[in-house]
Amino acid sequence: MVLATSAPISDTERVRLRIAANPVLADVFARGLDGTYHFKILTQPTLDVHENVRMKWRDFTDFYERDDLPAEIVVGTKLPSEGVCKEFVMYLAVGLLGRLSATTTRRTVRQYMYTFFACWARYANEHIPKPMRAQITAFLQSVELKEIAPLSTAIRPKPTPTVLDLDDLIRFVWNDTSIFRTTRSKAQFNGINIIAALTGHRPGGIVESTCYSGSNECIKWKDIACMIIPDPDNPFIPHHSTGVRFRNPKGHRGEEAHETTAMLMMEPMGNRAACLVSILYYLGIEDGVFLDIETASDIMNPNVAPTATHRLTIKESALDQPVFRAEVLDDDGNWCISDTKALKAETQNFHLRKCCLSMGFIRHINMYGWRRLAANEFARVLSDTDRDALLTHAPDSHMFAKAYKTRTSTHDLGGILHQRGEDPATIALAQTASSMSVGRDADAPQQLTVQQRAAIDREPVLVAMREDCSAARITVADLVRDLKSLDPEDPAFTDAIADLHARLRPERQRLQKLRATYVVTVNRERMFRLAEAKKAFHAGASHRQLTGEPSSSGSSRALTRPPLADKTRQAAVTQLPRVITSSGKENPAVVASSLLQDLSLVDPTTLLCDILYRFEGSNLAAEAIACVNAYLGLPQRRFAACYPGEAPTASEKCPVCDTDCSPRAFDQRGSVTVGSHIHSCLLRAQQERIQQHVEDQFEPQRCLWTNCKHADHTFDARPEFVHHVDKHILTLSKPLTKNFPARVCQWSDENDGEICGEEGVDDWEKHFGQVHCININSKIKVHYCVICTEWHVDEGGDGLEWENHLWTHWEELFGPYSIRIDGPVDHTPIGVEFTAALDNAVEYGHGTGFDGACPEFHGEVAHGVPDVPMHCPVCVYNDELPIEDRMFQFVTNDVFARHMKEHAANLEDVQSQCVVPSCGTDTFSSFDLKTHMVAFHRVPMCGFGRTQLVRRLKLPILPPPPPPPVDLTHTSIDVDAPDAPDAPDAPAAPAASAAPAAPAGPAGPAVPAVPAVPVVVGGHCYGCSRKWRDIGQHINGTKCRGKNQYRLLQDNKPVGDKLQWTLTEPPPQHGDAGKAQFRPHVCVTCRKSFHHIREHLGTACAGANFRILSCAKDAKSSVWKTLPNHNIDNWLASNDIVAATGSKRPRSPVPTEEVPDEDDRGEGSSKRAHVALPSRSPSPLVFRFMCNKCQVQFPDVDDLASHFAKLRTNSKCRDKMFRRRIDGSTDVGRVWHTGLRTGKRMLRNGLQRPSWTIPTCLLCRLDLKPT
């Protein structure tokens, strides 16, 4: 065994041994340290402050004109004179920007001067003499400086929170659904705040300090001591105490002499939410750090009663693991807690600021606020020495009085004055009135409105900055384009590319700087205006409380009908859905609880809150065990947004189908979200359960239809009975005959035998349910009301309960606006912002409404879950529709947009009134009515845009202007034509790019129209996925005409939504569309081949040279690079254009018009103009498809699909086998090509492969699209 100690040796021998082991140490001893200047270790933030002061000194030396001053503070630099230092103070006083007032504060300038002195001592080894320091300090407070450059004496407020604020914050965090991504992060956040409030320790000693970023130094499990103390009165329920060691105090990090430990006891019963010991036990059990502990019962209620105080053993592998750790992304892209990475202080401060913003605090709480809270509580009961020791203040430093003592007194001064003593109730009231929670309002602005953001964007300074950025982007793009257009075979290629790179590098740096400056300016301005908006909101709190006015849009207590958007701002309270049933004669009433087996899901967070605030255990151990188990029962991550009362399981699975419901699993599923999936599964499960219950409770019945052949038969099963009655109902829909002149209900009463005899019924199922009390629906109908979060089960089949429920909502939401007003009505849009011509849309904020000024149809859908359903205004006020259709609740934006587009397509181009009666008798054109519906009622008549911060609705496309009259004055023929107006200087904007003006009513001003943009518009084509300078010319003249979708280009990047171009030219004629065509022209710049180079050069490319291929083999890069270059202008101007062999496209379509001579050409024509003469003779009908069984031929696939869709079950064509004609075949035996329904085998009977094969999707189309 090796000895733990060694034989004693001398210091010199030990030094020699260590020099031999460390070559660097030997080098230092050999070289010596004379002339070497050493620096004290400082943190990076301190070094950044030093660099900031040194940069301002450099600026001052450039500004100073009398003498030459050293710009750098380094060793050997001469110390400036006293007068120069005073002028530097004056320079700072005038130049620094104030944050609390227009001018900077005296304290800020004083701190700059102290840092300035420290820089000379550190970097130049020059210490400012004491008399000089005193004079500079005196000058800072002198009358001379006050008259020249007055300084502000304002201070940043340092509010002190109370324990009430801490309790409110803890409760808010556990109910939060948007700020914290994982549930453990909530426990960590509350635990850190409780530690800071209990011990008064600085945040840098609890989590990773910002000054020591990357050190991973924080409270670790080796710093936690969980002590078990026996209780003689109850041996199996011991006491618990947890010691927390702080190893990193300020200024003495890593020094064991300054380490402190705080022993924290478990909170008494009823205060479990603020118990730090319970949180630490939960974190330890979840991490598995305890050696002999697996559950909370093993700690709180051990099987063996402890006889002595002992400390729980922590595993050796967990000693250096941080207790509070950061959130990271796992391999699947889901948020989780890191195993090794410590939580940063800036993350804790960020979450604290977000919580205060959401809670509506007037002033935000920071981590030092908890330290001030602890300091003031210590001062109440502890001596000054004990208080300073807990706060790690130096004795006699008076730091508590300077920076921590609250300036608000909560003592019972009246009781002290009148000598009756302080009343605890009075003190509690004073503390409540002075807490930071006073005046907080969750309705306070949390972000700027659409109008406020638009106002910032319109500021001239920001407009100029955007123009500078745009100009810089264009410069960079031009240089990049020039760089790509260089010919490698050019002798000057190397010099040219070096020159372009030298010019490109500073331009890119300038562009990045401009972008960064713009972003910082915009964010700073938004934060300032948001603070001003919050300040104005809180200033009116007293007025709102005294008058009862709403605190925000749509939350008034005075309104009899709260708007729909009010629901989106309610507190996050879990709601359990309710069930309302209606029973019929043959289906007894069903107990509601039996229908909610899957819907009564208990949210783990709700269970935790019940235990924290409402659970009363038999003893402290039972309460603590329930609390820790509730912590452990929380899911790993927050659940995705779901319908009220619905949620995944704790393992993030669907409670019905066990599908993975993690957010990552639903990233690529389009409109299907976790919430919609679970809701649809629960709906299906409830329908199956209710269906089974109704069939089990079915009472045997006989058919009472008059003259029924099975009148004596008793039906024991409900499906058999319903199927039989359905056959009778089918006879009521047959046409009238001589024997049956009327189709009436022949169901007879079982008591008196009287026949019903009712006729002309549209819904016979409802008739049987309402009149005969029989539910003949094969499937029991189950409805869900999004507004009330209620399930409605139509057991009786009459539908009356659901109809009455919808009528109640109609009367509440839309009934007050159902009377048409005769008089002027203001049609000015409320709360929307018209975007630029680039977007042609309106925007409004999420959750905003109209405050009862007009009906709300737009609803609110977030993360695929409807907070408020959407309603169609056309259907709502259509008296001819049933109430189920009028009040249909749309829960997805896509379905609602498609429904509104159908109404928009059916609008006639005549003057008509708005369908909403409250809009009055004003009439609108078709275009103005669409704009009114979009901008005023916020319904997507023309679709919606994909945005996150705001809601964006597209406006209708501006109708194209009429074509200008043709100018024939240049011809020699005398033509009698009316005088035409002069053509405008600039052509009108394209139809897809203009934003129309909002219609103005008799009393409402019109929104000004956005100025038009030029006709030649660059765009990104979705047909060929390429960018074009003239997107209109490209779409009109290529195959992309069929797709006709593009996005506008801004700075060579696609922006805005997808648009459609107004097609004016005839579609191009392309032969052999199914074959790959040879492309004979190659652009030298882009290195791509084209059918004709004129389609590319001059429109999509700035180059001018191309090469011509003679055959397909020339397409190889090793071949076409050797071919001669052709200039596009010279090539087009030449009389004999070189024709490319194999080109499928002629130089001009034939037949063509003869181009007149130079003197006969009109305005705008050129030699390159060729006008195709389309053929007007109809093409003969060609039968391309034939059914393989009946041999019937069809001209297109839609007719063939219709043939297959109308087949009977016993038809010989039911195999859906068909043949397709082979183009150009002359062999009678090979005219038809056989295709199979499965699409797996495309050839049969040894036939050769035709010119193209039938894709499988075509076969699917036959099954799914019968026309």
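Numbering starts at 1 and runs along the chain as it is shown here.
For all residues, glycine too, the Cβ spot is worked out from N, Cα and C.
Record note: among 231-261, 541-571, 541-571 is the stretch given as region 'Disordered' by TrEMBL. For the domain 'C2H2-type' (1185-1205), DSSP puts the residue distribution at 9 helix, 5 strand, 7 coil. Residues 817-825, 827-830, 832, 834, 842, 854-855, 857-858, 873-874, 877-878, 900, 904, 953-956, 958-959, 996-999, 1001-1002, 1007 of the same chain sit 6 or more residues outside the domain 'C2H2-type' (912-937) yet have a Cβ under 8 Å from a Cβ within it. According to DSSP, the domain 'C2H2-type' (912-937) comprises 13 helix, 4 strand, 9 coil. Taken as a whole, the domain 'C2H2-type' (701-728) shows an average pLDDT of 86 in this prediction.
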